[in-house]
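Contents: one structure, followed by commentary.
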Amino acid sequence: MLLSIISLSIVCTNIKINYLPAGAGGTTGTIIYPIIKQLDARADYVLIITTFILLFLLTEIKFSVFGIAIIKLFKLIPYKKFILLPTISTNSNSTKPVLTKKTPFINQEEATYAHKIDALQEKNNDIHSHCSKQQSPFKKENGELPYLPPIELLKQADNQNIKAETSSELQHNAQALLTVLGDFGVKGQVINISQGPVVTLYEFEPAAGTKSSRIIGLSDDIARSLSAISTRIAVIPGRNVLGIELPNKQRAFFCLRELVETPEYQDSSIMLPLILGKDLAGKPFVADLAKMPHLLVAGTTGSGKSVAINAMIISLLYRYTPEECRLIMIDPKMLELSTYDSIPHLLTPVVTEPSKAVVALKWAVKEMENRYRAMSNIGVRNIAGYNAKILEAVSSGKILERSVQTGFDPETGKPIYETIEMNMEKLPFIVVIVDEMADLMLVAGKDIELSIQRLAQMARAAGIHIIMATQRPSVDVITGVIKANFPSRISFKVTSKIDSRTILGEQGSEQLLGMGDMLYMGNSSKITRVHGPFVDDKEVEKVTQYLRSTGVPEYLSAVTQQLDDDEVNAESPGDDSTNDETLYKRAVQIVQLERKVSISYIQRCLRIGYNRAATLVEKMEQNGVISPPNHTGKREILLPEN
């Protein structure tokens, strides 16, 4: 083949360049023509032609396409599209453009290939220009388009032209406050003033022998005397001062975007960031739902509760993808959370029926138990350790396995174990959001309270968290069981001191200003006043539309699917369908093994009602298992020890 190529090169040397038509090569031919003419009938010419032919034959690159690529790469010569396309020329006698056709000198296949190169380059340019416009802080390092919503979907705060009070005005207000307190017989001094976006905090140090409760009881009188909307007075923990909070003359509003761009929200040490707003000093306040680990939100209508829930949800959507965080939304009112329907983060469509809400909470309990079994199999204590171990195994190419007992050897009697491969997928966080708890408690209070109690007590390590909101903070809605399992609470403006004590355990919520003004109590029982951001409905709609465009939700039908009869009986051992004879045998075994008996003890062990436990005890007495009660009510166990 090499000899054929050399022979072809020698033949090419005998071709006279003069026979080529004028202008056949265009600009490229004009440049190469004198070079080839100087090398005519030389050995160098044979070597050059041989090299080019070898290159084109071995790489299967066509000369025209190769020339186009070289010219476009170095941009030495203006590129001309050698394609049969109409070109526009202008006539001096006419203002209209005239279409003329240029004769092609490459075939249609080459023209199509060149056209594909141009289209690909234009597409890449469009992608790069689109990426350059995205100034989102969540952009991935490899330059791909972010799966998380861009920051541009959130609205920037408008210029409010609010003038802050000067130091002289603040001193004048402090002096007026001291005058009012003096009129009521309270002496002391203001030692510090902290001005915030909504209220100003005056730290008042009372004189010796002054009770704090006396000053706190004067909050309404102080507000009336200073012509203020409301005044909140509270003891500052760890200091000998009381905080007197007076509203500013002009209230400053801020949007959610301002807080999303802050370092406090982008801190990677916060697992589940919830944007609550700004504190009294105007600093961003971001709470971690993973440390709470559950949140109770209460407030009357119009206090800003729904806006705060939207801010919390959006703060989660801006941090995590559907593979990292899934949501279960329960909205009996069918209005507040319907905007988030069909986003990829949902495990099930927004639940609006109370019966399905009970099933969804029971599914969360079963998921919690399954996660605990999975974490126990690999020896970790929480979801973070589980995901870290799964990620380590995947990166090293290993498959985690666990041993399961499948039976016993009939000859030796030893247990038989089998190795089963574990699921190598990471566990996402699951956040259950209940918008209105009062409606659910009216329909299925016992079932709802039981499921929420189990989740609140145990679901933290499994990565399942609850955000529960209600607009009726009464004792029948926020029961003692729910209140004990929700140490983190938020109270918006309420109507009475009793409602404030129901939520936080102390008064003060009735003195809030509304419109996002809240009191936050964390795990430390320290109460912080926070002003929530404003979230427009259009912002929520833009974010949800963007998320819907990124993917389709993968719903789990089991979340809202009714349980089978067997599962219901397993969850409710005290049901009437349970066999009485089986219960009696279990009760006898418990009494024989534990060597103690009472109606309440049998009731706790078998998880049945009092009447059924009393019936079992009477039956054991009749059958001679236990003796009748003595004068103190105790019974003797007549069965021998096992």
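Every residue gets a Cβ built from N, Cα and C, even glycine.
Remember, TrEMBL labels are computer predictions, not curated facts.
Taken straight from TrEMBL:
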| type | residues | note |
| --- | --- | --- |
| BINDING | GLY299, THR300, THR301, GLY302, SER303, GLY304, LYS305, SER306 | ATP binding site |
| DOMAIN | 282-501 | domain 'FtsK' |
| TRANSMEM | 45-71 | transmembrane segment |
Determine, for the ATP site, the additional residues of the same chain whose CB lies within 8 Å of the mean position of the CB atoms of GLY299, THR300, THR301, GLY302, SER303, GLY304, LYS305, SER306; present them in sequence order.
GLN471, PHE492, LYS493, GLY514
For SER306 (ATP binding site): DSSP state (helix, strand, coil):
helix
Site of maximum Cβ density within 10 Å, from binding-site residues THR300, THR301, SER303:
SER303
Quick one: among the binding-site residues GLY299, GLY302, GLY304, which has the most Cβ atoms sitting within 10 Å of its own Cβ?
GLY299
If you draw a 10 Å sphere around the Cβ of LYS305 (ATP binding site), how many other Cβ atoms fall inside it, taking every protein chain shown into account?
26
How does the model score the domain 'FtsK' (282-501) in terms of mean pLDDT?
89
Mind giving me a neighbour count for SER306 (ATP binding site)? Other Cβ atoms within 10 Å of its Cβ, every protein chain shown.
20
Three-state secondary structure, which DSSP defines for THR301 (ATP binding site):
coil
